[in-house]
Amino acid sequence: MQIKDEILSLLKRGKNLLAFSYGSDSSVLFYLLMQEKIDFDLVMINYKTRKNSDLEELKAKELALKFHKKIFIKHAPKFQSNFEKKARDFRYDFFEKICLEQGYDHLILAHHLNDQFEWFLMQLSRGAGLAEILGMQECEKRSNYTLLRPLLFISKDEISSFLKEKDIFYFHDESNENEKYFRNYIRKNFSNAFVSEFHQGLKRSFSYLDEDRKKLYDFENIKEIQGLLICPKNESLIARAVKMKGLLLSTAQRKELLKGDCVLGGKIALAYKNEQAIVFEYETCQKLPKNFKEECRIAKIPRLLRAYLYNHKIDISSLSF
């Protein structure tokens with residue numbers, strides 16, 4: 001089992017942060033990165049939902065100390081409902097915070113082929129477009145850092161065999177057996193058996209589908225200007241830009257995209273000008289100066305965008321939309 005050369009090339013050129021849980025997948029990734037002599041640090045969320053949660057945290061700290069790595073840990077609150085989504089949002093918000101504050105270029109995730117197929121089936125069951133169904137890529141650019149998934153075309157069976165072959169220590173996550181979580185239900189009843197039997201064909205299919213996705217949705221059309229993501233008024237491109245800002249849209253949110261300016265998830269704003277969509281972090285300002293408001297009016301700057309421009313001291317005349 002090896003990390004692809006193109007991903008290794010990126011890892012060798014940047015500052016890297018591994019999302020670590022001490023589960024099987026991130027433990028394999030830790031081993032592979034060490035084997036390739038890649039420099040990286042660790043970030044971990046303790047949800048305190050398992051009997052071994054605190055022991056896993058302790059052992060992760062010991063591992064970081066042993067190999068002279070920084071480790072960033074955050075304890076999650078108790079989520080009363082919709083655990084999967086809230087836990088995911090909490091996790092990625094913290095990962096992004098650390099990447100931005102500490103200057104990491106790459107966030108390394110241990111998603112593998114089974115995860116990719118589970119996601120595919122979950123989105124298919126909910127009603128989703130191509131951009132959402134193929135929501136995982138090996139290299140995924142965010143606004144200020146890049147997500148890397150070196151194991152995305154490696155199956156869970158291959159990971160399990162590698163763990164046994166190399167005698168790699170890891171913690172078993174018993175919560176993965178609980179079918180009250182939709183992902184686990186999909187995994188146990190549909191995806192795992194399929195991947196085990198058809199993993200080679202599945203790898204080829206996802207590779208072909210990703211190439212088709214790139215041709216259908218030219219993501220090079222998403223431009224970044226001073227923290228603003230700008231793209232044509234296209235639902236899939238807008239959804240992609242919003243995702244680059246760290247928000248994964250629900251089906252209901254996607255339906256609202258083309259209706260007009262709006263705030264998504266309370267943190268990402270979307271505004272339109274001249275058939276261009278502008279995606280940015282939602283900000284407010286107590287009071288805009290009268291001369292700035294007039295400048296915005298003349299330039300026909302969307303109201304939702306004005307506070308962001310003012311707060312970041314962006315020259316309106318420098319904008320090309």
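For all residues, glycine too, the Cβ spot is worked out from N, Cα and C.
Copied from Swiss-Prot, the annotated features are:
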- SER21, TYR22, GLY23, SER24, ASP25, SER26: ATP binding site (BINDING)
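Positions of the features from Swiss-Prot, shown on the structure.
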residue : record           : contacts (Cβ under 8 Å, 6+ apart)
SER21   : ATP binding site : MET44, ILE45, GLU56, ALA110, PHE171, ASP173
TYR22   : ATP binding site : MET44, GLU56, LYS59, ALA60, LEU63, TYR170, PHE171
GLY23   : ATP binding site : ALA110, TYR170, PHE171, HIS172, ASP173
SER24   : ATP binding site : ILE159, SER160, LEU163, TYR170, HIS172
ASP25   : ATP binding site : ALA110, HIS111, HIS112, LEU151, ILE159
SER26   : ATP binding site : LEU18, ALA19, PHE20, ALA110
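The ATP site is defined by SER21, TYR22, GLY23, SER24, ASP25, SER26, and by the 8 Å test on Cβ atoms against their centroid, the other residues of the chain that qualify are PHE20, SER27, VAL28, ALA110, TYR170, PHE171, ASP173.
The DSSP secondary structure for TYR22 (ATP binding site) is coil.
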